[in-house]
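If you look up TrEMBL, you'll see 58-70 marked as compositional bias 'Polar residues'. Under the heading compositional bias 'Basic and acidic residues', TrEMBL lists 72-83. Taken from TrEMBL, the feature compositional bias 'Pro residues' covers 87-96. The feature region 'Disordered' is assigned by TrEMBL to 33-99. Positions annotated as transmembrane segment by TrEMBL: 167-186, 192-213, 225-243, 255-274, 281-299, 305-326, 338-356, 502-523, 529-548, 560-578, 614-634.
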Amino acid sequence: MEPLPPDHGYNSKILRSWARRTGYKSYVSGECYTSSSDVEASHPAHATTQPLSPPQRPQSNHHASVTSQKGAAKENTDQRPVEFMKIPPPPPPPVAFPVDKKASEAYQNAGSQHGNGEIYKLPRNAHSKVVVPSETADDVLLAKQSDMKFEIREYPVPSILHGLQHYLSMAGSIVLIPLVIVPAMGGTDEDTAHVVSTVLMVTGLASLLHTFLGSRLPLIQGPSFVYLAPALTIINLTEFQRIGRDRFKRTMQELQGAIIVASTFQTFIGYSGLMSLLLRFINPVVVTPTIAAVGLAFYTYGFPVIGSCVEIGIPQMLVVLAFALYLRRISVFGHRIFQIYAVPLGLTIVWAYAFLLTAGGAYNYSGCNPHIPSSNIVSKACRKHSFTMSHCRTDISSALKTTAWFRFPYPLQWGKPTFQWRSASIMMVAAAIACVDSVGSYHASSLLVATRAPSPGIVSRAIGLEGLSSILAGLFGIGTGASTLTENVHTIAVTKVGSRRVIQIGACLLIFMSLFGKIGALIASIPPVMVAALLTVMWTMVTALGLSNLRYSETGSSRNVIIVALSLFLALSIPVYFQHYASSSKMITLPNYFNPYTVAAHGPIRTNFEGLDFFLNTMLSMSMAIAFLIAFVLDNTVPGSRQERGTYIWSKGATVRNDIAASKDYFLPKSVARFFSWAKWVGV
């Protein structure tokens, strides 16, 4: 028997340097090949060594035999030197060597985003037990998805089906916003179909740009709910409500100009590198209430619209929830179709049910024509039933009849944008919130599919490209900006497909589909009640995903809980105060669910500057803006450790450049990167 020869590898040198500082002693050399159960530390006050083994990792029979040999050897340390048999080393763990204080703190703050296994931290005094970071099921899931079917640089086959799957699972987030804003602008059914087709085009183009030139993570870029509240505020301005002819086009031109200006501001923040500096102030405690408030803000729209035809609206909501919750574990050919396709499947089933009700005469009333506007109905009996017919029948929309089979969406199709400071200022607030939303999505998705988290420069570059994508959305005219959709992270986690090639192929499919006008017309024909039911589920999902960001911090901390709770409470309470003024002074009759968006012209703030009044009244009536401001101030002023706050850990630029795998994940294509080698501050 002879002792094992020393290991002269790089990892052993690291361990020896650590051992000199801490007094670590090992029975054998070559520590980098030992399992985590073999990590030991010496007690400086005694001659014998004390083994310290973390309880998380179960020992195999082979490891147990090695441990028993060590235990026997330890009992004889005072009598004679110990020699060991030369045995084959066990498989190396992902990370099995101690690290310094800074790296250990980074691990505990960010979960295991920088490694594949446990990292052990030894206290300086060596009197305490080895500290092993605790791992929950979510931590293991997010650490590095070993069960992901396809990661960021892998090419699944068939890619077309996977790409279609990814976009279908997020269909509600992509196409439902036009069905809300276009009718509110006075647009026709044909206008709604055209905007839906344009949304498909812009979503495809923006997603392609982001996967090639942005963060390069597999994230879909499309119309975000973040822009919906500011858009509705502009739409419901008194001056646009009073327009009789071409109201849709004039309102859309106002939205286009506001989005272009706000997106230019966002582009500057990103490509100037300013976002890299702001990242230190944006953490889970800020992201959580901000994104949750985006979904909660639309509570006035959800059930009030569903209640206009409960026999269709409630089944629609319940069917989608049943698929997403109760049937989520059912697999068909290895795919959880009910969980992945909850929205399109639920829509198809309930739409067919609603069609049968209409075809069966459930909403037929003697002498009443459902296609005559209620304002032109003379009969009192028909006027009584006009509300039910307009909300419950599936044949009200004329989009399929009036829309052409083929139509190519093009920039400035609604006319020349108009630029006004007041509208642009509100959209700038939305652009800032969209940046916060995207930061949370970048971090969460990188834990799922990438080698390591992106660097601040890469995040800044991605935000800059989102600004360019929103400028593109403003030029085409979709009514909102284009940014990272929050539901991306959920879709990747459910489908286990994180390949950016899938996103690119799916984006090409969307661009192709946008050329067929009848596809947009079919989507535009969805009854408003069903749209409201689907949006209720989608806004619930946005709220849930926002709250899930809190898991990166200490959820049991009273500091964090109070900040998040106060931000959300005031985000719902303060707008109500402003809405009291709007409801008592508004001049034009609007549906009650649009009352929160009429504050701009009738809010309580009155100064000598009309533009300032508009900005303050509007901003303080938007839940997401209030939640962001309160959480941002409190999280960055109330004392708390980095671990307690859950501070996002971003990779250093040099680390990404020196890591071959990470550089392939995030770096721009070589044909493009060579023109921007000077722009180091955006991670090129």
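Cβ coordinates come from backbone N, Cα and C, glycine included.
Among residues of the same chain six or more beyond the transmembrane segment (338-356), those with a C-beta under 8 A of the stretch's C-beta atoms are 165, 168-169, 171-172, 312, 315-316, 319-320, 323-324, 327-330, 392, 394, 491, 494-495, 526-527, 530, 533-534, 537-538. The transmembrane segment (305-326) is in contact with the transmembrane segment (529-548), judged by 3+ CB-CB distances under 8 Å for residue pairs 6 or more apart in sequence.
Most Cβ pairs within less than 8 Å of the transmembrane segment (529-548), among stretches 225-243, 255-274, 502-523, 560-578, 614-634, belong to 225-243. Stretch with the most C-beta contacts under 8 angstroms to the transmembrane segment (502-523), considering only 192-213, 255-274, 560-578: 192-213. Long-range neighbours of the transmembrane segment (255-274) within the same chain, counting only residues 6 or more positions beyond its ends whose Cβ lies under 8 Å from a Cβ of the stretch, are 227, 230-231, 234-235, 414, 417-420, 423-424, 426-428, 430-432, 434-435, 457, 460-471, 473-475, 477, 479-481, 679, 681-682. Most Cβ pairs within less than 8 Å of the transmembrane segment (192-213), among stretches 167-186, 225-243, 614-634, belong to 167-186.
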